Each structure stands twice: as structure tokens, then as C-alpha cells.
Ligand SMILES: Nc1nc2c(ncn2[C@@H]2O[C@H](COP(=O)(O)OP(=O)(O)OP(=O)(O)O)[C@@H](O)[C@H]2O)c(=O)[nH]1
């Protein structure tokens with residue numbers, strides 16, 4: 001089943017769950033009011049209670065079906081979905097407002113319609129190329145499928161966006177890569193200043209520490225005075241060591257020390273926070289290349305990941321930064337931060353369309369638990385759940 005069909009199915013299931021819990025609440029309410037009398041409403045409540053008791057008894061009789069593992073997994077999934085839904089609130093509203101405004105003017109599918117559609121998609125941060133491509137596909141589909149009413153048009157546009165996302169990432173590897181057991185994995189974080197590198201290093205350190213890994217951090221952002229201190233605070237919080245040099249030290253020398261130490265102390269993962277001056281700064285790219293050489297002197301197979309951190313609130317500008325970094329360093333994946341602070345979730349589609357790099361992580365806030373592995377399903381659901389009717 002494709003991503004869009006899975007989204008539709010989930011949307012439908014959620015709507016049914018909501019309807020049945022509303023029905024249950026309705027059945028309970030009149031019963032409470034007329035508790036003293038032996039009314040049909042009370043009977044309804046008793047029936048519901050009996051049904052609940054029965055299903056509880058069933059569950060107790062069938063322990064295999066309700067194993068603890070399955071419960072843990074489903075509560076983890078529910079938690080993850082809730083974080084996505086909450087973190088995408090602004091983007092979801094932004095998309096819905098934009099689409100509703102666009103469709104409010106809808107009379108017929110004519111040239112004005114396509115112009116408005118393109119503006120709407122560009123406004124949602126899908127980027128020019130993808131907006132035109134979706135608009136052309138809508139043109140074809142409208143002809144072929146004879147789509148006329150507003151709801152069907154809305155659904156068609158969402159379907160085309162989701163399908164284009166899926167198509168672009170056919171061979172994409174979203175998983176994290178690690179060194180063979182017994183050797184440290186090195187993960188380098190790159191990106192311009194202020195995008196959230198240090199914060200992401202801190203969050204990820206906490207996450208892998210909680211999974212029982214031995215973690216070390218390297219403060220190679222020696223450019224900004226506060227960056228080392230900020231990383232040390234995350235290190236203290238997660239109780240993991242931070243390797244730092246003196247102020248304005250050569251970042252590569254800090255990295256060298258850290259890699260040697262990580263190897264000696266049999267660390268599982270070394271996270272390296274780097275400085276992010278302007279993207280057109282040739283020195284920055286040279287510095288990243290130097291760091292790579294220094295790491296490979298000690299660990300020839302490292303770094304296993306070079307994660308480019310992008311700030312979702314900067315929209316198309318993030319895309320331009322990503323192109324520059326991609327051209328001059330071996331980026332293996334993206335971290336999209338501050339997704340909670342944008343009303344234009346379309347940047348994820350633009351990145352997929354233009355870069356062919358996997359988004360591996362997504363940040364929904366400043367707390368350690370706000371960083372999540374990227375899930376296309378949870379993302380699509382969080383973004384479009386209110387837009388497509390069942
Ligand atoms: N709302 C929100 N804020 C975030 C997120 N990630 C990071 N931030 C905030 O963004 C600001 C910049 O984050 P940093 O981690 O310092 O950015 P940096 O890339 O290391 O910056 P430099 O050290 O200057 O290169 C901080 O105030 C963070 O708390 C996120 O997912 N959501």
C-alpha cells in the first residue's frame with residue numbers, strides 16, 4: 001500500500017475511533033443524569049460496562065494477544081505520533097488556511113485556478129519546481145478523472161504531493177550507520193550558525209546514552225565563544241564527557257584529541273559539533289575537509305555519518321545552504337530542526353525533490369525528547385490529517 005493510501009486508512013481509523021468514543025460518552029451521559037430511575041439510558045450504560053468487562057476478561061484470557069512487548073511498542077508509536085501531531089500544529093494550520101483561502105475563490109478549473117494553486121504551493125515552501133510540477137499533474141488528473149468539487153481537488157493535490165515525495169526517495173537509506181562492534185562511530189554535525197547543531201548533538205547524545213551506549217562529545221565549534229559552554233551543559237545533563245580545547249583553538253586539533261580518546265576509552269559514539277560560519281566561506285569547507293582527514297588518520301572508516309542540520313523556519317534558504325554543503329562535503333543525511341516554529345511544512349517536500357538526501361531526524365522543540373527519527377508516515381499524517389475528509 002502506498003504512503004497516501006496508508007495515510008487515508010489511518011485518517012479513517014482515527015475518525016472512526018473518535019466517533020465511537022463520542023458515542024460512548026453520549027451513552028454514558030444521560031445514564032449519569034437519570035441514575036436514580038431505571039431508564040433505558042441506564043440500561044445502555046450497563047450494557048457498555050458489561051461489554052467493557054467482557055473485553056477485559058477476553059484480554060486476560062488471551063495473554064499472547066496483549067503481550068507486554070506489543071503494548072510497549074504501541075505506546076511508543078502513540079507517543080511518537082503525538083509528538084509529530086503537536087510539533088506540526090503550526091504547519092498543519094498553515095496548510096489548511098492556505099488551501100481554504102485558495103479554494104474559497106474556486107469557481108472552475110481555469111488558468112486563474114492554476115496560477116492560484118502555484119502561488120499556494122510556493123507559499124507553503126514547496127519550491128518553484130515542485131509547485132509547477134504538481135500544478136501540471138493536477139491539470140492532467142483533472143482532465144482524466146474529471147475532478148470538479150472542492151474536496152476532491154484538495155484530496156488530489158495532497159495525494160500528488162505525497163506521491164511525489166514517495167517517488168523521489170525510492171532508494172533512500174534513512175537509517176543511521178554505525179561502525180562495527182568494538183570501534184567508535186563518529187558522527188559529524190555541519191550546518192550554518194544558529195540552525196541548532198549544538199542542541200541536536202545534545203539531544204542525540206541523551207537519546208543514545210539512554211539506549212545504553214557509551215557516548216563522548218567533541219566541541220569543535222571553537223569559533224563561537226558560547227558554543228563550548230552550551231555543549232558542556234548538554235554533556236553534564238546527559239552525563240557524558242565533552243572534549244574541548246582552549247578558546248579559538250584549531251577545531252581539527254580538538255577533533256583529533258577527541259577521536260584518539262574515543263578510541264582509547266572504547267566509546268560507542270563520538271558526536272562532533274562543528275562551527276557554522278557563512279556557507280560561502282571557502283575556509284569552512286576546507287576546515288570540514290581537514291577534520292575528515294584528521295578523523296581518518298585514527299579511524300580510517302569514519303565518520304560514519306555527516307549530518308547537515310537545517311533550520312526549517314528559513315524555508316528555501318535552508319535548501320540553498322543544503323545544496324552548497326552537499327556539493328562540498330560528504331553529507332549522509334539531514335536533520336531538520338525547529339519544525340515546531342514554521343507554518344510551512346512544505347520544506348520537507350522541496351528538500352526531497354531537490355536534494356535526494358534523506359531527512360534522518362526532525363526537531364520539534366528544545367527538549368531532548370523533541371528530537372525524533374524522521375517518519376514519513378507520521379509526518380504526512382501530522383501535516384494533512386485535517387485537510388482530507390474521510
Ligand atoms: N523551537 C525549537 N528551537 C530549537 C530547535 N533546535 C534548536 N533550537 C534552538 O535554536 C537556537 C540555536 O541552536 P544552537 O544549537 O545553538 O545552534 P548552532 O547551530 O549550534 O549554532 P552555532 O553554534 O552558532 O553554529 C537555540 O536557541 C536552540 O534552543 C527545535 O527543534 N525547535
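Start at 1 and count along the chain as shown; that gives each residue its number.
Cβ coordinates come from backbone N, Cα and C, glycine included.
Around residue 191 (GTP binding site), the C-beta neighbours below 8 angstroms that are at least 6 residues distant in the chain are 197, 276, 308, 309, 310, 321, 325. DSSP classifies residue 191 (GTP binding site) as coil under the three-state reduction. As annotated by TrEMBL, GTP binding site applies to 191-198, 273-277, 337-340.
The compositional bias 'Acidic residues' annotation in TrEMBL covers 49-71.
Looking at the domain 'Signal recognition particle SRP54 helical bundle' (84-165) alone, the prediction's average pLDDT is 89. The domain 'Signal recognition particle SRP54 helical bundle' annotation in TrEMBL covers 84-165.
Residues or ranges marked as domain 'AAA+ ATPase' by TrEMBL: 183-363.
Look at TrEMBL and you will find 184-385 tagged as domain 'SRP54-type proteins GTP-binding'.
For 1-87, the entry in TrEMBL reads region 'Disordered'.
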